[in-house]
Amino acid sequence: MPLPEPGDGHTHDDITWLGIGLAIASNGLISASLNIQKYAHMKNEALGAARKPYTSLPIWWFGLALNAFGEVGNLIAYGYAEATVVTPIGAVGVIFGAIIATFVLKEPFSKTDFVGFLFVVGGVVLIVYSKGTEAVIEPTVEEAIRDYFGTIQAIVYFIAIISCTLLLLSVAEKYGKTYVIVYPLLCSMIASWTVLGCKSFMAFFRLTVEKGRNQFSQFPQALFPFLVLLVIIVCAVWSVHYLQMAMRFHDNNKVIPTYYATFTLACIIGAAIVYREFEGASMGAILLFTLGTWLKFACCAPAAC
């Protein structure tokens, strides 16, 4: 059954709220999966010298499977709402994660954490309200290359993010065990490529399946969607490793907020530069979005220390 399209009795509001709903459900699932994987790490570390590689633990793979389902939901969500809306909504995972970490993993929960919850909710509401329910761009392969990925600002951004990633890779082993922010930040920079890729790939997919404009058949342009898909898969798998390292050495009540904060920032910057998602936005909308983002980071920043 095809998902709703504007013009088929559905408005852009319907489509955007579908993306928002998918994002909330998917991030709840992802949060549960991360806590299952944290549980696997805790049990494994308790074995001491008998500790096994975490990839040999069935419960870790169960968590990874849940994470994959959640990420697929997020992938679909990026096709129905802007990246600057879907990504910040991921902060609801902080709430789900803290509840699970507190009651299941027995990690401490403070009044500051509760205030942080309120900040997260307020931040997400402001972000969604400020962005409204605008139509999601659906570029063809040619348009994506010409108007987005091939622009000067996008190329400069790609060079900058690659340089920062290489720098973090060079210091991660030395500082990752001491400072919570190191591995989540590295994970976020790598994972932000998946968001940029998901947005275009879902546009190509929807144009092909729902509108009959095949984006996968005309050579050589048809190679681009598969290149994008390869980047999505490689970066998704690669980023998981560094998130696992963070959870191995630090509490989830610190790791998850830090990860969502850094991931949100990386994705907002990427979407703003590559897809120009703030182009044409009013000053009021930008201020509301900025306030919402600040509320999120005000919640997450203490965890990064």
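Cβ atoms here come from the backbone N, Cα and C positions, even for glycine.
Taken straight from TrEMBL:
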TRANSMEM  15-36  transmembrane segment
TRANSMEM  57-80  transmembrane segment
TRANSMEM  86-105  transmembrane segment
TRANSMEM  112-129  transmembrane segment
TRANSMEM  149-169  transmembrane segment
TRANSMEM  181-202  transmembrane segment
TRANSMEM  222-243  transmembrane segment
TRANSMEM  255-275  transmembrane segment
TRANSMEM  281-304  transmembrane segment
Using a threshold of three or more Cβ pairs below 8 Å, and leaving out pairs closer than 6 in sequence, do the transmembrane segment (181-202) and the transmembrane segment (15-36) count as in contact? no
Determine which recorded stretch among 57-80, 86-105, 149-169 has the most C-beta pairs below 8 angstroms with the transmembrane segment (255-275). 86-105
Near the transmembrane segment (181-202), which residues from the same chain, at least 6 beyond its ends, have a CB less than 8 A from one of its CBs? 71, 74-76, 78-79, 83, 87, 139, 144, 148-149, 161, 164-165, 168-169, 171-172, 175, 225, 228-229, 231-232, 235-236, 238-240, 242-243, 245-246, 249, 255, 258-259, 262-263, 265-267, 270-271, 274-275, 304-305
Long-range CB partners for the transmembrane segment (222-243) (under 8 A, at least six residues beyond its ends), listed in sequence order, are 34, 64, 67, 71, 75, 141, 144-145, 172, 183-184, 186-188, 190-191, 193-194, 197-198, 200-201, 204, 215-216, 255, 259
